[in-house]
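One structure is given here, and the rest of the page talks about it.
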Amino acid sequence: MTDNSKIRVVVGMSGGVDSSVTALLLKEQGYDVIGVFMKNWDDTDEFGVCTATEDYKDVAAVADQIGIPYYSVNFEKEYWDRVFEYFLAEYRAGRTPNPDVMCNKEIKFKAFLDYAMTLGADYVATGHYAQVKRDENGKVHMLRGADNGKDQTYFLSQLSQEQLQKTLFPLGHLQKSEVREIAERAGLATAKKKDSTGICFIGEKNFKQFLSQYLPAQKGRMMTIDGRDMGEHAGLMYYTIGQRGGLGIGGQHGGDNQPWFVVGKDLSQNILYVGQGFYHEALMSNSLDASVIHFTREMPEEFTFECTAKFRYRQPDSHVTVHVRGDKAEVVFAEPQRAITPGQAVVFYDGKECLGGGMIDMAYKNGQPCQYI
C-alpha cells in the first residue's frame, strides 16, 4: 500500500461542499493536507455582509472537523490584473468573455499553485469535476468528470501540462449526489450548503448592475438585419449572441409570433441586431476563427485534426475539423451551429479526453463573418 503521508497536498478551499469533500477524501487517503482559502474579490452582499468572511468561516469549520491546518491568502490584485481587466476589455470590444476559464488559468492554477509551492506542496487539489490520468511516458491527460452534468473540463481547457502535472482532482470519478452523501455522512459543516453560481468569485450579484459600475453603458438602436428599427437597446455589453430575454420586444412586432433573439452587434455604429426564430439564419454558422489556442500537451506548430468540440458549457459535443496555425485555428463544423459567440471558449475533445482549446474571435457562414461585430 502506498504511503501518502510524505506527500503534501494543498487544497483550494472555497467554503463549498465540493472543496470540503476534496480535503476530506485526501485526508482519509493519508496525504499531508493543508487547506487554503483564496480571497480574490472584495465583496459584500446586499445586506453589507462580506461573503468571503462567511465562506472563510465555513473553511475553518471544515478544516477543524477533519483535522487539517488552513490559511487564507489574498489574490485580489492578481485577480484584478489578470482576470478582471481582461473581462472588462472583452466587454468593451463587444464580446462575451468567459472569466472562469481565465480565472482557472491565472489564479487557481497559477497564483495559487505558486503559493502552494511555498508551503512545500507536492500537489494542489481542487473540487473540480475532472480527472487526470498519467500515461506510460509520464504525461498527464485531462479527462471529463464522471458526472456528465457537472464535468468542468470546459473551464480547465487552458491548463498546461506543467500545471496538470501538479494537480489532483479527487472528485473526478464521483457523481455530485455522491459528494453530497459523503459530506452528510461525515457531518461536514458545508454538507447542505447550496452551490455557488454566477461569475467566478463575483457571485450572484445582478449582472447588469454590476457591470454598469465599471463600464458606462451607451444606448443605441435595435434593428433587424433588413433595416427595420425595433427600438432602443440599453448598451451592447448587456447582450450576447443568441440571447432571448431582456429585449423588450414581443411577437407583436413580427407577425409570425416567433420570439426575438439577438443575432449580431455592430460596435462601430452601436447597433444591436435582432431577428425572429430560434434558428434565425443570422444565428447559424459553419466555421469559426479562434486565438489563444492551447493544448494540454505538446503539439506541432501547424497541423489539422478531427475531433469533437464544445462552444459553450453544458452543450453536446459537435464534430469538427481543426486547422491549427501557431496560436490560432480555423474550426470547421460538420453541421451548422447556432449562436457561436465571440469571447467564449471553444474546447476540443477526443472521446473522454479534453485536448485544450482557444477563444472564439469570429463565426463565419460560407466564408463571410456573421456577427456584424
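Every residue gets a Cβ built from N, Cα and C, even glycine.
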Self-check item: Residue in GLY94, GLY120, GLY127, GLY138 which Swiss-Prot records at the ATP site where GLY12, MET13, SER14, GLY15, GLY16, VAL17, ASP18, SER19, MET38 also bind
Solution: GLY127
Quiz item: In whole Å, how far is GLY16 (ATP binding site) from CYS103 (active site, nucleophile) when you measure between their Cα atoms?
Solution: 17
Quiz item: Taking Cα atoms as reference points, which of the binding-site residues GLY12, SER14, ASP18, MET38 is nearest to HIS128 (site 'Interaction with tRNA')?
Solution: ASP18
Practice problem: List nothing but the largest Cα to Cα distance in Å, as a whole number, among the residues GLY12, MET13, SER14, GLY15, GLY16, VAL17, ASP18, SER19, MET38, GLY127 that the record says bind ATP. | Solution: 16
Quiz item: Tell me, how many other CB atoms lie within 10 A of the CB of SER14 (ATP binding site), whichever protein chain they belong to?
Solution: 23
